[in-house]
Amino acid sequence: MALPMVAIVGRPNVGKSTLFNRVVGQRISIVEDVPGVTRDRIYAKTDWNGREFHVIDTGGIEISGADEMANLIRVQAQLAIDEADVIVFLVDGRAGLTEADREVAEMLRRSRKPVVLGVNKLDHPKHHPAAYEFYELGFGDPIPLSSEHGGGTGDLLDEVVRLLPPGDDDLYDEDVIRAALIGRPNVGKSSLINALLGQERVMVSDVAGTTRDAIDSPLESDGQRYVLIDTAGLRRRGKVYENIERYSVLRALRAIERTDVALIVLDGGEGITEQDKRVAGYAVEAGRACAFLVNKWDVVEKDDKTAHQFEKRIRDEFPFMRWAPVLFVSAKTRQRVHRILPLAREVAENHAMRIATSTFNTVLQDAAASVPPPSDRGRRLKLLYGTQVAVKPPTFALFVNDSELMHFSYERYLENRLRQAFGFEGTPIRLLIRTRS
Ligand code: GDP
Ligand code: GDP
């Protein structure tokens, strides 16, 4: 289920982001059409010869602790070594081999990760001999590339795909609920996992972003099996790893890939940030079941309205997920921690819900009877027939006389009616509007 990761590394200006854009094409970033969420262009899913994988442009990772350029490149290379299954090492064929290239090469060689060496900016075959110089880096045949014009990128991707690990089949049974705690550093994800596991299984520290390897923790509660997918996973490697916001988003993305339920952890004491919205947007776009856990509720000064006000703020800041339940918890005092797994189970069940076609059509017809579908220049939309075509999330095909007549607002209305009828708390639902003439 987790897709392999390919990282592009190399010193600045060799053409990493040009290559990234070339490789992922004009694919729409998964968060692009989630309102209020910034588009992220350093990470995308793509495929080549039928293999899907993620690509990350390490040059786009902001690393505030890395002051000098050399340090920055080293950190980016290290992130690639830690995270990637295959590394694309990009060099500039016009500039020739530099000391910085040699340093990165040394790190990559020591890591023993598979590396594909691309020699970029060789726009014309007559320039290709410039690639020979790079044999000395010791990564086999350098591949001459023109990221700008596309030359050689097919050869590069062939090699990348050849080196990808074999497909990773689903690790867990269907009846195991996978739940990931996602959120920015320091909101209390590992503390909550500790509280859930009932033991100090993972190290917790006061410094943002210092934790251990990602670990899946299986557990059973009330006869239901779960796997908690931990996302923090940053190794303690030194100062530069702190504050790597983009990097923690990346970890969240990988966890979202593998999970059924995204438990979005917010810091009750600090409120909601842009990064919270970005991460939640990814979870929705990926079609995961979602719930909010407002943690550190013990530090909040409260009266009888505080929870209500905080929930209202969540509704305002996350308008695209009004259906996600909110639970106020404290990892420290364990307040309501016992309700987290039952909540995960409930949203997971809604996420996997199947609705009988006849029932679904009854609800549709009732909805159309109480609010008539929109019309345009004398033609009225007709809802002909609908049926569920997928679960996780529940996805419905809705056949109409002419899909052009559908309005966003009417779609919203139908979604609300479906939610009223069937619950669906904690899960996105999808309506595919199809013309049947
Ligand atoms: P990054 O810093 O490694 O991400 O590099 P960029 O992708 O931003 O590219 C740096 C510069 O090199 C830009 O001006 C690109 O237009 C240019 N460039 C990238 N790839 C090629 C290429 O294949 N041929 C040529 N001639 N220029 C390129
Ligand atoms: P992570 O980076 O999201 O995994 O966050 P951690 O679990 O490492 O917690 C970050 C800090 O917040 C640590 O100092 C925790 O002790 C503290 N913390 C976590 N949960 C709570 C809570 O419910 N209440 C309070 N007061 N502190 C908490």
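Every residue gets a Cβ built from N, Cα and C, even glycine.
Keep in mind that what you see is a predicted model, and the values were worked out from it rather than measured.
Record features, source TrEMBL:
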DOMAIN    4-168  domain 'EngA-type G'
BINDING   10-17, 57-61, 120-123  GTP 1 binding site
DOMAIN    177-352  domain 'EngA-type G'
BINDING   183-190, 230-234, 295-298  GTP 2 binding site
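Of all the binding-site residues listed here (N13, T58, N186), the one with the fewest other CB atoms within 10 A of its own CB is N13. Under 6 Å, Cβ to nearest atom of ligand 1: this is the test, and of the binding-site residues N13, K16, T58, L122, W297 it is passed by N13, K16.
It is K189 that, of the binding-site residues K16, K189, has its Cβ surrounded by the most other Cβ atoms within 10 Å. Spacing of K16 (GTP 1 binding site) relative to G183 (GTP 2 binding site) is 28 Å (Cα to Cα, whole number).
If you take the Cα of T58 (GTP 1 binding site) and the Cα of K189 (GTP 2 binding site), they are about 25 angstrom apart, rounded to a whole number. With respect to their backbone Cα atoms, N186 (GTP 2 binding site) and G10 (GTP 1 binding site) stand 30 Å from each other.
Just so you know, the Cβ of L122 (GTP 1 binding site) picks up 25 other Cβ atoms within 10 Å once every protein chain is counted. Ligand 2 lies under 6 Å from the Cβ of none of the binding-site residues G10, N13, K16, T58, L122, W297. Taking G10, N13, L122 as the binding-site residues under consideration, the smallest Cα distance to W297 (GTP 2 binding site) is found for G10. Under DSSP, N186 (GTP 2 binding site) is assigned to coil, being neither helix nor strand in the three-state scheme. If you measure from the Cα atom of L122 (GTP 1 binding site) to that of K189 (GTP 2 binding site), you get 47 Å. Cβ neighbour count for G183 (GTP 2 binding site): 28 (other Cβ atoms within 10 Å of its Cβ, all protein chains included). The Cβ of G10 (GTP 1 binding site) has K16, G59, F89, L90, V91, D92, D101, V104 as same-chain neighbours under 8 Å, each 6 or more residues away in sequence.
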